[in-house]
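Participant: This is the structure, below, for whatever I ask next.
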Amino acid sequence: MRFSNAFVLVAACISSVLADTKTFNFDLVNTRLAPDGFERDTVVINGEFPGTLVQVNKGDSVRIPVNNKLTSSTMRRSVSIHWHGFFQARTSGQDGPAFVNQCPQPPNTTFTYEFSVADESGTFWYHSHLSTQYCDGLRGAFVVYDPEDPLGHLYDVDDETTVITLAEWYHVLAPDINNEFFSSGIIPVQDSGLINGKGRFNGGPETPFAVVNVEQGKRYRFRVIAISCRPFFTFSVDNHNLTFMEADSVEHDPVEIQNVDIYAAQRVSVILNANQPVDNYWMRAPMTGGNPDRNPNLNISLTLAILRYKGAPEVEPTTVNVPGHKLLDQEMHPIAQEGPGKLGDGPPDKHITLNIAQPNAPFFDINGISYISPTVPVLLQILSGAKRPEDVLPSEQIFFVPKNSLIEVNIPGEGAHPFHLHGHNFDVVLASNDDTFNFVNPPRRDVYPINGGNTTFRFFTDNPGAWFLHCHIDWHLEAGLAIVFAEAPEDNVSGPQSQITPQDWLDLCPEYNAIEPEFQ
């Protein structure tokens, strides 16, 4: 026993020594890019799309100065950035959603995001969380590596070359699309789909597809991220099986599949065994969401990349897609079986039903109310003493939940909405395509689609903060499809889980409120 305790102490010391603070400088700029061959103005990090890949190790802290150099009067010039999938324990103010966790950062200023990834590892991403700004380009991948990954024996290669982003792309600027959306009530249709920032549209130039290089005999962990504003993708690689192992930064029992649906904001890790003849193979991610009849530029089947074996000629593949087994919710079981709070079918401490309706298109209601952003961030109101819904303005869509409680959320089916919960993972105890509850080993993730069926998930309130729950179709969020959980309000103010509030965060609201509307 003494040896065991000493070993644990030494391991903890080694882990502490290895932990580091990693700094990534983000220059937020307007530049003209043509990821699908059509040149347009963009809002991007460091002049590139997708944005800079952030790579750290489990236990590290992150420091990201954001230098807002936006100048274009045709797009939003203020900004906020969400670090999607991170719990932000004690740093709810760094989570990013505008008017939930912070005021937006004005142009010609620098704001530094600082947070610890603590015990988290896996596949994450980041994006603007101000209006629909990320549809203009502010989105990128974020990976936290675990040197002691319990599933690490399944793969040989896991680095920047195996991070794969899936996105849709618009030729029209997001503010203009917003105006069209709110005047017509019709969701905008994208012009093209991109893999790793490259794609094509009907009638456009034959821009080169992205190439993912592999070597025969090696196993590759592909971290596939849907950095989309609306559609979902069906990911596959011709002539190759895939082994699913991670969903939304949570590792699951390995399952052999041929393809997987990945909804907006979801992340999936799959292992590809490069065991086929040396050649070129299509990597496919056809989109669902957006009617091509309403945009002649769109060809959903042109969301392609090339898997190229070492030694293969530099030509496009001639392989053919053969549909196979698609990953099912019922096959997804986290390797850490313990869920949030109480396992088993015992009653939750609090049950919430969210009824979605759209009586006044394009606006959405939840329980009869459409979400409207407050002028003072919800978190700041909590830190100022708000303890009840009536203490928060506006109060209608703020749900106060007590600490250390099991919360069950039920969403009856209504349309296709990938819901994302900030600050937590949740257990999907009733999937939208099932009629049987699973309280033993349900899928665990932070984004799940409500696809016309009854969906129920559970989470445990062990992380005080202000946490958004919203549809990750950006146009639906803009139309009010959201609520906010105000978790353990008093514990945000004082105690061991109280919020860390840097001065530059406190300065954001006065700075933002002082600028003219055209700069907001």
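A Cβ is built for glycine as well, from the same backbone N, Cα and C atoms used for every other residue.
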Participant: Given that Swiss-Prot annotates H129, H470 as binding Cu cation 3, state which candidate in H240, H351, H422 belongs to that site as well.
Facilitator: H422
Participant: Hey, Swiss-Prot has Cu cation 4 bound by C471, H476. Any idea which of H325, H333, H417 it lists too?
Facilitator: H417
Participant: Taking Swiss-Prot as the reference, C229 is linked by a disulphide to which residue in C103, C135?
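Facilitator: Here Swiss-Prot pairs C229 with C135 via a disulfide bond.
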Participant: By the record in Swiss-Prot, which of N108, N454 is the one labelled N-linked glycosylation site?
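Facilitator: Record says N108.
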Participant: Based on the record in Swiss-Prot, give the one of C13, C509 in a disulfide bond with C103.
Facilitator: C509
Participant: Cβ within 8 angstroms of the Cβ centroid of H129, H422, H470: which residues besides those meet this for the Cu cation 3 site?
Facilitator: H82, D95, G96, P97, V100, H420, F468, L469, L477, A482
Participant: Relative to the mean position of the Cβ atoms of H417, C471, H476, the recorded Cu cation 4 site, which additional same-chain residues have Cβ within 8 Å?
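Facilitator: Going along the sequence, the neighbours come out as I356, F364, G415, A416, P418, F419, I450, H470, H472, I473, L477, L481.
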Participant: I'd like to confirm something. Which of the recorded positions, H84, N108, H422, H472, C509, has a Cα closest to the Cα of C229 (disulfide bond)?
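Facilitator: If we rank H84, N108, H422, H472, C509 by Cα distance to C229 (disulfide bond), first place goes to H472.
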Participant: Have a look at the binding-site residues H82, H420, H422 and say which one has the shortest Cα distance to C471 (Cu cation 4 binding site).
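Facilitator: For C471 (Cu cation 4 binding site), the spatially nearest of the binding-site residues is H420.
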Participant: Of these disulfide-bonded residues, C103, C135, C229, C509, which scores lowest on Cβ atoms within 10 Å?
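Facilitator: Per-residue Cβ counts within 10 Å for the disulfide-bonded residues C103, C135, C229, C509 bottom out at C509.
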Participant: List only the single closest residue to H84 (Cu cation 2 binding site), chosen from the recorded positions N108, C135, N299, H470, C509 by CA-CA distance.
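Facilitator: Going through N108, C135, N299, H470, C509 one by one, the closest to H84 (Cu cation 2 binding site) is H470.
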Participant: If I take the alpha carbons of C509 (disulfide bond) and N241 (N-linked glycosylation site), what is the distance between them in whole Å?
Facilitator: 50
Participant: If you average pLDDT over the domain 'Plastocyanin-like 1' (21-145), what do you get?
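Facilitator: A mean pLDDT of 98 is what the model gives the domain 'Plastocyanin-like 1' (21-145).
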